[in-house]
Structure formats: C-alpha cells, structure tokens
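Here's the structure, in structure tokens; my notes come after.
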Amino acid sequence: MPVPKHVAIILDGNGRWAKAKGMPRTYGHIQGAKRVEPITKAANELGIKYLSLYAFSTENWNRPKDEVSTLMKLLAKYMKICQKLCLQEGMRARIIGDKSGLPADLLKEATELENATAENTGMCLCICINYGSRDEMLRAMRKMYADVKDPDEITEETFSRYLDTADIPDPDLLIRTSGEQRISNFLLWQLAYTELYFTPVDWPDFTEEELKKAVDSYRHRNRRYGKV
Ligand code: IPE
Ligand code: IPE
Ligand code: MG
C-alpha cells in the first residue's frame, strides 16, 4: 500500500504525561504543542498530503477555566508558528471546527494563517479547534436545509460539501496517542473506512519515529471497503 494521503491525529495524553512527572497539566500542553512542528515536517517529508490535528474539542470547554485559557493562548501562539512553517514549506493551513466560538484573538490569528497560506499547493495542515463531529454535522445540516429544496437531491457528496472538511479527502489513517481507544467526537462521518492506529505513547513523547511506525503499520493493512 502507498503512503496514506490523509493522516488524522488525536493529540492525547498531555495532562497525564505532565502529572506522571509531578507537573501541572498545562506543562503537558506546552510540551505537547512543541511536537506539532516536527511532526508536521515529518509528515510532509513522508509524502502525506493532508495532516489533520485534533487540538481542541467542543467538549474541551468543560475543563477548568485556567486550563482552557492556557490552551487558547497556546493555540493563538501556534497559529503564528504554523504560519511561518507553512510559508517555509509551501504548505497551506485550514482551520476545521466552529470558528464562531473562538476567542477574538485566536480567530484573528487563525484567519491570518489560512489567508497567508491559501495559495500554497503543498501539504494541507488541518488544525481542528472547537471541533466536534456532531456539531459539524448539525451545522452542515442547517446550511443544507436552507439551500436544498428537494431532499432527493441530497447525496453523500452533497452532504460532504457542507462539512468543514469540504474538499478534503477522508482520512486514510487515524492515529490516537496515549492509549485511549475511542474517537471522542472526531470526524465521525469522514472516518467511515479509515484505518485506526492506537499507540500508548503520550503526545508530548510522539516522535517522528512513532509517526513512521504508524505509517508502516498502515502500509501493511488490507482495505476492503466491504468488498471481498
Ligand atoms: C490532549 O491532552 C490535549 C487536549 C485534549 C486539548 P489531554 O489534555 O486530553 O491529556 P490527558 O488525556 O488528560 O492526559
Ligand atoms: C480528544 O481528547 C480531544 C482532543 C484531542 C482535542 P480528550 O482527552 O478530550 O478526549 P476524552 O475525554 O479522553 O474522550
Ligand atoms: Mg485526553
């Protein structure tokens, strides 16, 4: 099998990683964020065309206030770091999720990142912030309901076009770090036939080598799509 075209990663385990070191959870987020740049570069070098990173879910707002505010500040900072990286590497960035729920400064940095990299043709870095798959599908249904007059017009392709991931192919490989084996409201529609890879490694320890291991595992899979 060729290298996966689209790899999606649930970045998990920052908090537990920090706690195991006797540090506050926010330290785990700071260290975890530092993995974004090297992993993005490594994905690009492997020939991956789309890399989706689940950074903040619609449910993550229910965490303690100080943790949420640290995450929002970190995300705003990484919009700038990602912009520099994307411009260096010829990559474009897309923000996936409900942008209307983002703090103003983060929204501004996110919009700048998308606009500054929109013309690039290299790997697409999809950063999922304030993202929840059920929320995405509801927003898509509302938009579709306003547009579509005849329900028979609605096909899988039509619906896909209303999702935040419009024009992005479904993930070939989903990686989740930290040993948890669940989807946690990530890309429920898009993951229909995605290969799943779970690793016990926490996100702050997820190296380029770990990414290669996941891709190698994918290359030995047999995707049948319901056929024989
Ligand atoms: C992933 O790490 C980062 C986010 C979900 C924002 P966690 O913060 O979920 O860390 P654990 O899973 O509690 O260890
Ligand atoms: C999923 O991780 C969300 C992100 C990685 C952004 P969580 O840590 O929030 O998921 P649960 O609560 O373990 O399912
Ligand atoms: Mg977690």
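Cβ coordinates are placed from backbone N, Cα and C, and glycine is handled just like the others.
Annotation source TrEMBL lists Mg(2+) binding site at Asp12, Glu195. Cβ contacts within 10 Å of Asp12 (Mg(2+) binding site), excluding its own Cβ and spanning all protein chains shown: 23. Mapped onto three states, the DSSP output places Asp12 (Mg(2+) binding site) in coil.
The active site feature in TrEMBL is assigned to Asp12.
TrEMBL lists 13-17, Arg25, His29, 57-59, Trp61, Arg63, Arg176, 182-184 with the feature substrate binding site. In the structure as shown, the Cβ atom of Thr58 (substrate binding site) sits within 10 Å of 18 other Cβ atoms.
Here TrEMBL flags Asn60 as active site, proton acceptor. Within the same chain, residues at least 6 positions away in sequence whose Cβ sits under 8 Å from that of Asn60 (active site, proton acceptor) are Val68, Leu71.
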Inset, instruction - Work through the binding-site residues one by one (Gly13, Gly15) and point out the residue whose CB has the fewest other CB atoms within 10 angstroms. - result: Gly15
Legend entry - Contacting binding-site residues, sequence order - Asp12, Thr58, Ile183 vs ligand 3, Cβ under 6 Å: Asp12
Inset, instruction - Tell me whether Thr58 (substrate binding site) sits in a helix, a strand or coil according to DSSP. - result: coil
Inset, instruction - Under 6 Å from ligand 1 by C-beta, which of these recorded positions make it: Asp12, Gly13, Gly15, Asn60, Trp61? Sequence order, please. - result: Asp12, Gly13, Gly15, Asn60
Legend entry - Of Asp12, Gly13, Trp17, Glu195, binding-site residues neighbouring ligand 2, Cβ under 6 A: Asp12
Inset, instruction - Would you kindly give the Cα-Cα distance separating Glu195 (Mg(2+) binding site) and His29 (substrate binding site), rounded to the nearest Å? - result: 27
